Each structure stands twice: as C-alpha cells, then as structure tokens.
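Peer 1: Have a look at the structure that comes next, please.
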Amino acid sequence: MIIELAKNYGFCFGVKRAIKKAEQIKDAATIGPLIHNNEEISRLQKNFNVKTLENIKSLSNETKAIIRTHGITKQDLEELRKKDIEIFDATCPFVTKPQQICEQMSKEGYEIVIFGDENHPEVKGVKSYVNTKAYVVLDKKELQNIKLPSKIAVVSQTTKKPEHFMEIVNFLMLKAKEVRVFNTICDATFKNQDAIKELSLKSDVMVVVGGKNSANTKQLFLIAKTNCEDSYLIETEEELKKEWFLDKKHCGISAGASTPDWIIQKVIAKIENFGIN
C-alpha cells in the first residue's frame, strides 16, 4: 500500500509563530487553548510550564499571559491590560486582520456580516470589534429574513471554504447598495484544502490528523470524505485501526494547521507497522 502525504498540510505560519513564542516565554498561562491540539498543549505544559486557563477570571498568581492564536475579545483584552501581568500576543496576524477591518468599517458606518461559526473563539473575537451591528452566519438562508442595511462589509472566519464565502457575498450583492468584501480566509487554508482535495480523489483511504475541535481540521475531513468514502479523522496514532487499510492500495494523509510533525510521523509509522502490502 502506498502512503502519501498531501502537498500542503500541518502547522501553519500562525501556529508555528505561537508555539515558538510559548517555548521562548515559558512559565506562562494562555487564555483558552493556545491552539486546537490537545497533544501539543500537553507537551507545552509538560516541557515549558505553559498552562491553559479557561478565561481571564482564572488568573491568580501568574506573571505572564499569552493570548491564543484565535485571539480574544476586545473586552477581555481591555480587562487583561488592567491586571498586573505581562502580556504576550500570539494572535495569528490573519486573525488580527478581520478584527481591524471590522473595527474600521463599523466606524465608517457599515454593518458587518461575518461568515463563520458564532461559537468559535476567533469569530467571538472578531465580532467584539464591531461598533455597529454584526450578523454571524454560516449560510445565506440565515440572511433572508433580515432587513439588511444599505452599507455592508463582509469578512470570513479564516478557515472557511472560499466557495461558501462567495455564496454569502453573491447573496449580499443582490440585497445591498454597497457591499465591501474582504478576503480574510488564510492562504494556508486555501493550500491545505486544495491539496487534500487532490489527494483524496486518488486515494481509497484517507486519514486526517488533528484536533477534533479544530475548525480547519474538520473542513479538511469534510473535503476528504466527499471524495473518499473511507476517510477517518484522528487526533493520535492510538485511534488507528488495521482493518481500515485492508485491501487498500493508496492511503492519503493530511493534517490540520495545529498538528505538529511529531504526531504525523507517529501516525505514518503505525500505519507502516500494520504491514499492509
């Protein structure tokens, strides 16, 4: 059986940057998980004493706080700045961009449409920078019964599929006099999604490695599943089952943006150890 890695996969720029910061800073607390990968979070805590707190209220004797890659709300940032604590911002620049856009556009009188998951920490943070009105949607149908203003700015969660974002944009173009469109989808998302689409079309089994609470990993899995019925989403090599690979000729592997290479290599090694010819 051939085992093939996607052309683009794994750690993105923003995650690499955040991990490096955390390793250098040490002995700190992150407000929410730094990234969406439990294994890497555990490694940071064990080796660098970087612990994860649920929220700002959980801070007690910590002297250093790291802002997660997904960012935090404007209100939480203001509260954090009032505390006697050193702040290190590991927010991905691709996430900071829609925050800045929303703040500026709402100052100019635009209402904001955010294409994304309202419960995702990134979207919560972006929405908090809107000073007018914000509509968070996952489907254009959610906009049909809303009385939309004449001036709209639209942004996307960084990990969403571009074609779905364009469905929202096309709908808004027919409804509002002025629509400002900002492409806030991360280019790593484009590359990883294109790569897994290509690989899944020629594979008869796919393994996607990443946190099951990771939005970009779930998107990769959905693309794989669309093209390859026998697709599996796992966090570690412990979840692999030999029967998945019996009678298979081509195994494709991809990984979410928060998945470190050391986990991916463990997955590959275990599949090889199954001895499927």
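Placed from the backbone N, Cα and C atoms, the Cβ positions cover glycine too.
Dumping what Swiss-Prot says about this protein:
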type	residues	note
ACT_SITE	Glu122	active site, proton donor
BINDING	Cys12, Cys92, Cys186	[4Fe-4S] cluster binding site
BINDING	His36, His70, His120, Thr158, Ser214, Asn216, Ser258	(2E)-4-hydroxy-3-methylbut-2-enyl diphosphate binding site
BINDING	His36, His70, His120, Ser214, Asn216, Ser258	isopentenyl diphosphate binding site
BINDING	His36, His70, His120, Ser214, Asn216, Ser258	dimethylallyl diphosphate binding site
Peer 1: Other residues near the [4Fe-4S] cluster site, CB within 8 A of the CB centroid of Cys12, Cys92, Cys186?
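Peer 2: For the [4Fe-4S] cluster site the neighbour list reads Phe13, Gly14, Val15, Thr69, Pro93, Phe94, Val95, Thr158, Ala188, Thr189, Ala257.
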Peer 1: Calculate the distance in Å between the alpha carbons (Cα) of Ser258 ((2E)-4-hydroxy-3-methylbut-2-enyl diphosphate binding site) and Cys186 ([4Fe-4S] cluster binding site), and round it to a whole number.
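Peer 2: Just about 14 Å between their Cα atoms.
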Peer 1: From the Cα of Glu122 (active site, proton donor) across to the Cα of His36 ((2E)-4-hydroxy-3-methylbut-2-enyl diphosphate binding site), what is the distance in angstrom?
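Peer 2: If we compare the Cα positions of His36 ((2E)-4-hydroxy-3-methylbut-2-enyl diphosphate binding site) and Glu122 (active site, proton donor), the gap is 12 Å.
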Peer 1: What is the nearest of the binding-site residues His70, Thr158, Cys186 to the residue listed as 'active site, proton donor', using the Cα of each?
Peer 2: His70
Peer 1: Within the same chain, and leaving aside His36, His70, His120, Ser214, Asn216, Ser258, name every residue whose CB is within 8 angstroms of the centroid of the CB atoms belonging to the recorded isopentenyl diphosphate site, in sequence order.
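Peer 2: Here the nearby residues are Ile35, Thr69, Glu122, Thr159, Gly211, Asn213, Ala215, Thr217, Gly256, Ala257.
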Peer 1: Kindly assign Asn216 ((2E)-4-hydroxy-3-methylbut-2-enyl diphosphate binding site) to one of the three DSSP-derived states: helix, strand or coil.
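Peer 2: Note: Asn216 ((2E)-4-hydroxy-3-methylbut-2-enyl diphosphate binding site) is helical by DSSP.
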Peer 1: Roughly how many Å lie between the Cα atoms of Cys12 ([4Fe-4S] cluster binding site) and Asn216 ((2E)-4-hydroxy-3-methylbut-2-enyl diphosphate binding site), rounded to a whole value?
Peer 2: 11
Peer 1: How long is the line from the C-alpha of His70 ((2E)-4-hydroxy-3-methylbut-2-enyl diphosphate binding site) to the C-alpha of Cys186 ([4Fe-4S] cluster binding site), rounded to the nearest angstrom?
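Peer 2: His70 ((2E)-4-hydroxy-3-methylbut-2-enyl diphosphate binding site) and Cys186 ([4Fe-4S] cluster binding site) have their Cα atoms 12 Å apart.
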Peer 1: Do me a favour and check the Cα-Cα span between Ser214 ((2E)-4-hydroxy-3-methylbut-2-enyl diphosphate binding site) and Cys186 ([4Fe-4S] cluster binding site); whole Å is fine.
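Peer 2: Distance (Cα to Cα, whole Å): 15 Å.
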Peer 1: Looking only at Cβ atoms, how many others are within 10 Å of the one on Cys186 ([4Fe-4S] cluster binding site)?
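Peer 2: Its Cβ shell of radius 10 Å holds 24 other Cβ atoms.
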Peer 1: Reduced to three states, what secondary structure does DSSP give Glu122 (active site, proton donor)?
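Peer 2: It is helical.
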Peer 1: Return the residue, from the listed binding-site residues Ser214, Ser258, with the maximum count of other C-beta atoms within 10 angstroms of its C-beta.
Peer 2: Ser258
Peer 1: Give me the count of other Cβ atoms within 10 A of the Cβ belonging to Cys12 ([4Fe-4S] cluster binding site).
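Peer 2: Taking all protein chains shown, Cys12 ([4Fe-4S] cluster binding site) has 27 Cβ neighbours within 10 Å.
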Peer 1: Let me check the 10 A CB neighbour count of Cys92 ([4Fe-4S] cluster binding site). How many other CB atoms are there?
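Peer 2: Taking all protein chains shown, Cys92 ([4Fe-4S] cluster binding site) has 23 Cβ neighbours within 10 Å.
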